[in-house]
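Database features (Swiss-Prot):
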TRANSMEM  5-25  transmembrane segment
TRANSMEM  43-63  transmembrane segment
TRANSMEM  84-104  transmembrane segment
TRANSMEM  109-129  transmembrane segment
TRANSMEM  184-204  transmembrane segment
TRANSMEM  213-233  transmembrane segment
TRANSMEM  248-268  transmembrane segment
Amino acid sequence: MADQSIISALVLGLIEGLTEFIPVSSTAHVLLAGHFLGFRSPGNTFAVLIQLGAILAILLVYFQKLLSIALALPTSVRARRFVLSVLLAFLPAALIGAAAHGFIKSVLFETPMLICVVLIVGGIILYVIDRLPLTPRYTDVFDYPPSLALKIGLFQCLAMIPGTSRSGATIAGALLMGTDKRSAAEFSFFLAMPTMVGAFALDLYKNREALSIDDIGLIAAGFIAAFIAGIFVVRSLLDFVSHRGFTPFAIWRILVGTAGLVGLWLLG
């Protein structure tokens, strides 16, 4: 197993874990890293399986909360309403994602220029929304009404365009509809769980014939890197956005997108 392949796997896993849950688009960063730095994914199954590291990271960090919600379901109307809200928010992306999976993967994911432009546009939008003098009406994810959750889920569908960011779309939508920054980020975490598990299962099924024991070392390296980085981000993000908002992520998006466009122009 070549050292370069291991380094590529670790870098891609690290990028996946660091960017999956923040509003900068993990897909854009992984694809642009592959395009400009030569860190090529060992295969479609590698890209799918390192996402499992990020999924397990958020499930581990939120295990106690998830267990408390599950135990409260038989007796708590609030817990049942919250679960319903998350499922309603998940539904639009599940339906559209399953129907448009082939087009998204084969067409949109192969367009680096589109990804860079979307990074910049999304960064500008996130910056403007973060600076708006909005008055929050919802500060606790357990108080989100199902109708609000469904609207946030519709925003999540925008993330099917590479470079948009799943968390960025849901957070922007939530802020515009009256949530505070911390709860918007936390609801994005909860919504990520069924969304990422569903996307992982669909991608794994679509690529089932490409599974190979030969790539197990590379997959393990990327998986572990994504898992460790994901834990760090999930544990620190809520406090970060409570104090600093989303402007740093907006600026990062604009810088990465601009650098990507310049790189594409220079490379012809």
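The backbone N, Cα and C atoms fix where each Cβ goes, glycine too.
Using a Cβ-Cβ cut-off under 8 Å and counting only residues 6 or more beyond its ends in the same chain, the transmembrane segment (213-233) has close neighbours at 1, 5-6, 8-14, 16-18, 20-22, 42-43, 45-46, 49-54, 56-58, 60-61. Listed stretches 5-25, 43-63, 184-204, 248-268 were compared with the transmembrane segment (84-104); the greatest number of C-beta pairs under 8 angstroms is found for 184-204.
The transmembrane segment (184-204) shares the most Cβ pairs under 8 Å with 43-63, out of the stretches 5-25, 43-63, 109-129, 248-268. Long-range contacts of the transmembrane segment (109-129) within the same chain: residues 23-25, 27-28, 31-32, 35, 161-165, 168, 171-172, 175-176, 246-247, 249-254, 256-258, 260-261, 264, each at least 6 residues beyond the stretch ends and with a Cβ under 8 Å from a Cβ of the stretch.
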